[in-house]
Amino acid sequence: MSMKQLETSMSSVSLQEKKPTRIKIALHPQSKSEQNETDRASKIPTGRISTTQPQTYYRPTNLTKTPASQVSRRSSYTTDPPSPLTGITGFRNYSLDDFEIGKALGKGKFGKVYLVKDKKTGFVSALKCMEKKELVEGNVEKQFRREVEIQSNLRHTNVLRLFGHFHDKDRVYLILEYVVHGELYKLLRNQKRFTESTASSYIYQMSEALLYLHGKNIIHRDIKPENILLHFNDTIKISDFGWSVHAPSNRRSTLCGTMDYLPPEIVQSRPYDKNVDVWSLGILMYEFLCGAPPFEEPGGAQATYRRIVKLDLRIPPYVSADAADLIKRMLTLDPAKRFKLKDMHKHPWIVRLRPTWKYKVPKTASHERSA
């Protein structure tokens, strides 16, 4: 795919240029709880940029149709009240010049993420910058497009927000929610493994995020510590939707994800459904408690593959009985018999440790809504 074809393919996710360096992007307002979280970021020292967010008070978003006479200067639908990110309704033209660029927050294969502040509103976010040339040469333009299409429509406490996106001649940019503590992977490497109290909080939150995604027929397919971010009060947010897929048919057969976390149906190239994420959550729980994935082998991918398909699972004796039970229920060879995420809040391991959590379960949690 050529550079021109990449730009054309991005048109469905609002990346068409109206002017040489400025394009229109859709911006999505934060929920009140999310705004409160980002307001607290002012306590974190970040060098050049203060992370104090502008004071904004607003009600839940309502969509209102724009009069035809105003279509030339406004979008077809606008938000009421104004978006806390833009300070204006509807769409806003953006270019890189609209941001103060702060420290680098992370680096990936195709670009970097920076702490940025909107010069007009003072709103702090994370800007993911990727070179178009590298996306094309890496043959990941479809993966990037998928990430934008999926993440633009997600609103959940435990899912990283994508506020908007734009591009210029050489790069594409994603305006993302700023999460103060960064990758959970780094914390796990520093601590070697988590306490059961901490791990149970994270696994519960992941189950809520996955329930939300599965309810929208989205399979993440790449659950791992590197794709989880840590915010205030032990709140985690799942990120990196490059391997995710919107799967209305509920059955797929594409090989993807990270080898240590892949379920047997994927490594054996069999059709799979949302239960692949349940398997990966079981792997994640094991790594949280033991410091490494359960089927990881020094012998390489083939050795790991053999252990996965044989379910060669060895749980250390220091893992509690109810934790081991949950791991085994998620790591079941038959996808249909794997643990149901909707029952996570009732599992004895979660019930026993929930009073010890720093994280406070919101009233919007799946089981709270159905109570």
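In case you wondered, yes, glycine gets a Cβ from its N, Cα and C as well.
What you see is a predicted model, and the numbers here were worked out from it, not measured in a lab.
Of the residues Lys120, Lys128, Lys132, Swiss-Prot puts just one in the ATP site with Leu105, Gly106, Lys107, Gly108, Lys109, Phe110, Gly111, Lys112, Val113: Lys128. Close to the recorded ATP site, the chain also has Cys129, Met130: residues not among Leu105, Gly106, Lys107, Gly108, Lys109, Phe110, Gly111, Lys112, Val113, Lys128 whose Cβ is within 8 Å of the site's Cβ mean position. Model confidence over the domain 'Protein kinase' (99-350) stands at 90, taken as the mean pLDDT rounded to a whole number.
A gap of 19 Å separates the Cα atoms of Gly111 (ATP binding site) and Asp222 (active site, proton acceptor). For Lys107 (ATP binding site) paired with Asp222 (active site, proton acceptor), the C-alpha to C-alpha distance reads 18 Å. DSSP classifies Lys109 (ATP binding site) as coil under the three-state reduction.
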